[in-house]
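Report on one structure; see the data block that follows.
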Amino acid sequence: MGVTSDRVEYVCRYGGNGTTTSGVNVSIAAEVTMEIHSVCLPPKESTFQKLKHRLSEIFFPDDPLYRFKDQTWCKKLVLGLQFLFPILQWGSHYDLNLFKSDVVSGLTIASLAIPQGISYAQLANLPPIIGLYSSFVPPLMYSLQGSSRHVAVGPVSIASLVMGTMLSEKVSPVQHPTLYLKLAFTATFFAGLFQASLGFLRLGLVIDFLSKATLVGFMAGAAIIVSLQQLKGLLGIVHFTTKMQLIPVLTSVFHHTKESMKKPKLFWISAAAPLTSVILSTLLVFLIKSKVHGISIIGHLQKGLNPTSTNMLYFNGQYLALAIKTGIVTGILSLTEGIAVGRTFASLKNYQVDGNKEMMAIGLMNMASSCTSCYVTTGSFSRSAVNYNAGAQTAVSNIVLAGTVLVTLLFLMPLFYYTPNVILVAIIITAVIGLIDYKAAYKLWKVDKLDFLACICSFFGVLFISVPLGLGIAVGVSVVKILLHVTRPNTLVLGNIPATQIYQSLNRYKEASRVPSFLILAIESPIYFANSTYLQERLLRWVQEEEERIKANHESTLKCIIIDMTSVTAIDTSGIDMVCELKKMLEKRSLVLVLVNPVGSVMEKMHRSNFLGTNSLFLTVGEAVADISASWKPQP
C-alpha cells in the first residue's frame with residue numbers, strides 16, 4: 001500500500017535556528033497549543049476470537065450465511081435450497097416476457113454453439129459428436145446451479161486446446177482413440193472435482209495467481225499455435241506433427257508442402273457467421289460430391305442422446321497422473337474464464353455473481369458431464385456476449401440452447417454428414433485469432449513492465465516449450481513479482497507541503513520541504529521476516545545519506561528519526577526485533593526514533609513485545625514534530 005495523499009497533520013514546523021521554516025519566530029509559534037493524542041490499542045480479543053475473525057475474512061468475506069440469521073427452520077431450508085439451486089429463487093418471478101427474451105437468445109447462441117461445439121471437439125482431438133454432447137448436458141446443469149443470468153455454457157477454445165495438447169503428447173488420438181477418449185472424460189472428471197473443491201472450501205484465491213498479464217500472453221501464444229496447427233486441414237496435409245511448439249509445426253508444414261499440393265482444397269468461407277458457413281458449405285459439397293473427390297468431410301454422426309460414460313472413467317493405470325494433471329490445468333483455465341465472463345456481464349447489469357458458488361456450479365457440472373460423454377466446459381466469452389446482446393434475461397437461455405441441441409442430436413445429425421472439415425478449421429481459426437489481444441499487451445508495457453514480462457514469458461513459453469510449461473513459467477514470474485514487492489518494499493522520505501498540514505514524498509512533491517533536525521520516513525509494506533533485514537539496512541542508509549546532506553549544506557544537526565507506519569498493515573516477530581535493533585543502533589548515535597500511527601494489529605504486537613515507550617509513539621507526524629520540538633531547548 002502506498003502513502004495516502006490525504007495524510008492530514010496538525011503541525012508546527014520548527015527550524016533549528018529558532019524560527020519556523022516559514023520564518024515565524026519560535027516564541028510566537030510556541031504559543032500555538034496543540035493537543036497530543038494518544039495511540040490506542042485495539043479492543044482486547046482472545047486468540048480464538050482473532051483466529052475466527054481472520055479465517056472468516058479469508059474464506060467468508062461475503063458472509064454467505066447472513067440470510068439465515070433469525071430465520072425459522074422452515075425458512076432456512078427454503079433459503080438453503082435457493083442457495084444451492086438459484087433457479088428456485090428467481091423461478092417464482094419468471095413470466096412470459098422473460099421467456100420470450102430467453103427463447104430468442106437461446107436460439108441465437110445455439111446457432112453459434114452447434115458449429116463451435118463440433119469444431120472445438122476436433123481442437124481437443126475428440127470426435128465431433130462429443131462437442132454436441134458437451135453443448136447439451138452442461139447448459140442444463142448450469143441453468144439449475146449457476147448464479148449468472150448471461151453466461152452461455154459449452155466447450156471453449158482454451159480448454160479444448162490445452163486438453164488436446166497435453167493428452168496427445170502422451171497418447172495418440174489416432175492410434176489409441178478409445179484410450180484417448182477415456183483420458184479426456186477422466187480429465188474432465190478431475191477438472192470438475194478440483195473446481196467444486198475450490199468452491200466448497202472457498203479457495204477461489206488459487207485462481208487469482210493467474211493474473212490478467214499471464215492470461216494475455218498465454219492466450220496469444222496458444223492462438224498462434226492452434227492457428228498453425230489448422231494448416232493441416234487447410235492444406236490437406238496427412239502426415240502432420242502432433243507437437244504443439246512453433247518450430248515443429250512450421251517444420252512439418254514446409255516438409256510436406258508437396259504433399260499438400262496434391263490435395264484439392266475447398267475455398268475459404270468466412271467463419272464470421274458459423275452456422276451460415278456450415279449450411280452453405282455442406283449444401284455445396286452435397287451438390288458437387290459426384291464431381292469433386294478428396295474433400296475431407298465430417299461423415300457419419302451418431303443420432304441420439306448422450307450415452308453414459310461412467311464405465312470409461314480411467315482411475316488406475318500408467319496414464320492416471322496425466323489425466324489428473326490435464327484436469328487440474330484445464331480446470332483452472334476454464335474456471336478463470338467462466339468466472340471472468342460471469343462477473344463481466346453481471347457488472348453491466350448491476351448484479352453480483354458469487355465466485356465460490358460459480359466454482360461449485362461449474363465443478364459439479366463438469367463432474368456430471370464426464371459421466372455423460374462430455375469434456376470440459378465453462379462459460380464462453382463469445383457465446384455469452386451473443387447471449388447478452390440477444391437479450392437474455394435468465395439462465396433459461398441455456399435451457400433453450402440445450403433444447404435446440406437436443407433436437408439436433410435426435411433428428412438433424414444426418415445433415416452434418418457432408419460438412420467439410422475446412423469450414424470447422426475456419427471457425428476455429430476465427431475464434432482463436434480473437435484471443436490475440438495486442439492492445440492489452442501494449443497497455444501492460446505502458447503501465448507495468450513486470451506484468452509485461454510475465455505476459456511475454458507466457459507467450460514465448462507456449463510457443464517454444466509447451467502449453468502447460470509456458471503457463472507455469474508465467475505464473476512463476478508473477479510469483480517472483482509478488483516476492484519482490486514483499487522482500488524489497490518501498491521506503492521514502494517525507495516533507496511538509498508549505499502552508500498546509502500535509503506530509504508527502506519529497507521526490508513526488510517538489511514543493512514539499514524538509515523539517516530541520518528531523519528525518520521523516522515512510523514504509524509502504526508489511527514488515528516480515530523476508531524484508532526486515534533489508535528495511536533495517538535501507539533505513540540506516542537513509543540516515544547516513546541525510547547526515548551527509550546536512551553536513552554538506554551546513555544545516556541543523558539531525559536529532560530525530562520519525563517512521564510513518566500508516567501503510568505498515570502487519571508485522572511479525574522478526575519485524576519487531578528489527579525495529580528494536582534499529583532503535584538501539586540509533587540511540588548509540590544520539591538519535592531518537594519514534595513511530596507514527598501503527599495500525600491496530602501492529603500496535604498490539606509491539607505493545608506485547610514491551611517495545612513501546614511513552615515518548616516513542618504518536619498519532620500523526622505533525623504531533624510528533626510539534627511535541628518533540630517543544631522538548632528541545634532553542635538553539636542560540
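Every residue, even glycine, has its Cβ placed from backbone N, Cα and C.
All annotation found in TrEMBL is predicted automatically rather than curated by experts.
Over in TrEMBL, the protein carries these features:
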{"type": "DOMAIN", "residues": "508-628", "note": "domain 'STAS'"}
{"type": "TRANSMEM", "residues": "179-201", "note": "transmembrane segment"}
{"type": "TRANSMEM", "residues": "213-231", "note": "transmembrane segment"}
{"type": "TRANSMEM", "residues": "266-288", "note": "transmembrane segment"}
{"type": "TRANSMEM", "residues": "319-341", "note": "transmembrane segment"}
{"type": "TRANSMEM", "residues": "395-416", "note": "transmembrane segment"}
{"type": "TRANSMEM", "residues": "422-440", "note": "transmembrane segment"}
{"type": "TRANSMEM", "residues": "452-480", "note": "transmembrane segment"}
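Counting Cβ pairs under 8 Å to the transmembrane segment (213-231), the stretch among 319-341, 395-416, 452-480 with the most such contacts is 452-480. Note on the transmembrane segment (452-480): residues 161-162, 165-166, 169, 209-211, 213-218, 220-222, 224-225, 244-247, 325, 329, 333, 441, 444-445 of its chain, located 6 or more positions outside it, place their CB under 8 angstroms from a CB of the stretch. A contact between the transmembrane segment (319-341) and the transmembrane segment (179-201) is present, since 3 or more of their C-beta pairs, 6 or more residues apart, lie under 8 Å. Sorting each residue of the domain 'STAS' (508-628) by its DSSP state yields 55 helix, 21 strand, 45 coil.
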